[in-house]
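Single-structure report; data block below.
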Amino acid sequence: MGNGESVSIPGGGTEGYHVLRVQDNSPGQAAGLEPFFDFIVCIGNTRLDQDNDTMKEILKQHVERPLELTIYNSKTQTVRQTQITPSQMWGGQGLLGVSIRFCSFEGARENVWHVLSVQPNSPAAIAGLCSNTDYILGAESVLNQADDLIAHVQANEGKPLKLYVYNVELDSVREVTLTPNSAWGGEGCLGCDIGYGYLHRIPIIEHPDKENSALTGIPQIDSVQTGPKFPDPSNFPVPQQQAGFESIDCFIL
């Protein structure tokens, strides 16, 4: 690694452990794991393509000893390797301090909700949602389809609701707490227009070393990557609808 030689992930496939949360000051944070976008696909030379205790057992065998993780990032559609040291001494929960779930990362970029506009004085505005640059990634429950977000918001009318939101200008994920209120004085219970579908996915961050990465399946590993600078969102081209992709869905929340 690091010498320009590309190496395929052993076993192929599109399964791994989705990183949902990373605790502050944890080994996971020190290793640069990125919530929602990172999938752990290998630990050492072991491909993590089954939901079993393999990862847990390997971590237990390497407490306070460095391990190499292979990570697929759905935002950049690239693969990197990083070192992590499982620890019982860092002061939080777990050996890595991360929350994960086993799943496929195929289509991971599709399950996002683009904030198109935010009405003044609405619950969305009060919570700090930003038009055009914010993307809702999920909530405390799993959201897999467009209707899941609608149902989740409606089920929490009048109650504080936590959403995980990615901002393309800041290239960061934050927690947003808002309270759905259909009586706030405007349209919807949040007061924002939401887009879902092909034209509303997070734009891919192009990386200069991506030439050897496959656009389907699992990309090739070329080097340990540093975080790329995200381009100015005002320069994003307007994507065109392509045959074979789902229709565009826009709705008001």
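In case you wondered, yes, glycine gets a Cβ from its N, Cα and C as well.
The following features are taken from TrEMBL:
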BINDING   His18, Cys103  Zn(2+) binding site
DOMAIN    15-105  domain 'PDZ GRASP-type'
DOMAIN    111-199  domain 'PDZ GRASP-type'
> Out of His18, Cys103, which has the highest number of nearby Cβ atoms, where nearby means within 10 Å of its Cβ, if these are the binding-site residues?
Replying inline: His18
>> According to DSSP, collapsed to three classes, what secondary structure does His18 (Zn(2+) binding site) have?
In response: strand
